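Undergrad: Here it is, the structure, as structure tokens.
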Amino acid sequence: MESSDVHTFGHELPAMFDGVKLAAVATVLYVLVRCLNLKSTTEPPEVVCQDTPLSRFLLKSCPMLSAEYIPPLLWGKSGHFQTALYGKMGRINTPTLSGVRKFLPMHDGATATFDIFEALAAHSTGDDITMVICPGIGNHSEQNYIRTFVDYSQRQGYRCAVLNHLGALPNLELTSPRMFTCGCTWEFEAMVSFVKQAFPQTQLIIVGFSLGGNIVCKFLGENRSNQERVLCCVSVCQGYSALRAQETFLQWDQCRRLYNFLLADKMKKLILSHRDTLLGMSCSSITEADVSRLCAATSLMQIDDSIMRKFHGYNSLGEYYEKESCVHFIHKVTVPLLLLNSSDDPLIHQSLLDVPRTLAEKKPNVMFTLTQHGGHLGFFEGAMLFPQPLTWMDKAIVEYTDAIYQLKVLMDES
């Protein structure tokens with residue numbers, strides 16, 4: 001190579017490196033735009049319901065259901081980021097609650113625990129109303145998202161009763177060889193019965209988050225008497241059919257298989273923290289072989305098959321999912337029912353949303369609301385980067401319940 005060629009090539013090197021840098025920057029930006037879903041537009045939630053006086057009143061009284069939900073600009077349009085932030089932090093600047101913990105013995109020796117938080121202000125109607133809350137999988141009253149919602153509800157005039165799932169509270173031993181399952185309503189029913197007896201004048205608002213949504217809808221549909229003194233029910237981010245939900249958890253789209261692994265690891269640690277109780281009692285249905293299978297499990301289905309279904313004596317995994325899903329009970333709920341989901345929830349496959357959509361089209365008391373963004377129990381709001389402490393979900397639930405009670409007051413006066 002002649003000296004003139006070398007000199008020319010030397011001048012071209014900086015330009016080549018600049019081109020590589022630009023290409024790298026463009027690639028990173030493209031990936032960020034795709035991962036963060038930055039090109040997605042904000043829209044009002046999709047609301048499915050029959051055209052009835054109830055739905056017209058609710059849509060008029062609940063502007064959040066017809067206004068745009070605007071998540072934080074840089075990351076809020078990604079269901080994965082919303083879900084990850086909820087999973088890691090729960091909420092921002094979580095308030096400290098002051099309540100009373102209750103312990104109730106169950107018929108099988110288990111001990112149901114829940115916390116009661118009195119209202120911090122009078123309700124706008126001056127009446128006594130109690131939010132009865134069922135958290136998500138393995139959750140309890142000390143979770144950040146629960147504390148945020150309870151604090152906001154208290155300030156709006158609601159007493160709150162929050163179930164602590166059996167075996168979920170840290171440093172609290174089981175008193176029988178049984179933990180919570182995806183559809184067992186025994187502890188929730190015990191809490192509701194206690195609230196009704198302790199506060200005979202109170203009206204109830206039932207709220208369930210994720211797995212808790214399945215439990216509360218199943219509870220209301222199991223027995224007509226369970227709906228007495230219940231004004232309405234709100235279910236947030238549940239999957240409706242346990243069997244179908246677990247089948248979709250084995251798929252890789254939207255990284256559900258990864259979420260499945262992470263949730264299974266969390267459940268595995270929770271169950272193993274009660275290993276001595278589950279194996280040590282003579283009445284236990286759990287064996288060392290079951291625990292060995294648990295330790296090797298990498299999915300929720302494997303955990304359900306090796307451990308969870310045996311708490312209630314189900315003969316197969318299919319029977320467990322069939323009997324514990326609210327999908328077979330929810331059509332019996334007659335009180336106003338708000339079913340809230342997010343379209344970009346990576347844990348809930350779109351096919352699962354056929355259940356609430358069809359139900360809302362057929363039943364006059366049901367309203368199905370689907371936001372475009374929000375992830376799984378995220379629903380963060382904020383201008384650019386930092387989310388606000390209170391989420392769209394918290395405000396929308398209280399707005400809906402306020403509207404339901406205002407309608408009751410109007411009907412009582414007429």
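Every residue, even glycine, has its Cβ placed from backbone N, Cα and C.
Unlike curated entries, TrEMBL annotations are predicted automatically.
Here's the feature list from TrEMBL:
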ACT_SITE  S210  active site, charge relay system
ACT_SITE  D345  active site, charge relay system
ACT_SITE  H376  active site, charge relay system
DOMAIN    130-383  domain 'AB hydrolase-1'
Undergrad: Among all protein chains shown, how many Cβ atoms are found within 10 Å of the Cβ of S210 (active site, charge relay system), not counting that one?
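TA: Result for S210 (active site, charge relay system): 23 neighbouring Cβ atoms inside 10 Å.
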Undergrad: Looking only at Cβ atoms, how many others are within 10 Å of the one on D345 (active site, charge relay system)?
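TA: So the number of other Cβ atoms within 10 Å of D345 (active site, charge relay system) is 26.
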Undergrad: Within its own chain, what residues at least 6 apart in sequence put their Cβ under 8 Å from the Cβ of H376 (active site, charge relay system), listed in sequence order?
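TA: Correct list: G79, Q82, T83, Y86, G87, S210, C237, S342, D345, P346, L347, I348.
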Undergrad: If you average pLDDT over the domain 'AB hydrolase-1' (130-383), what do you get?
TA: 96
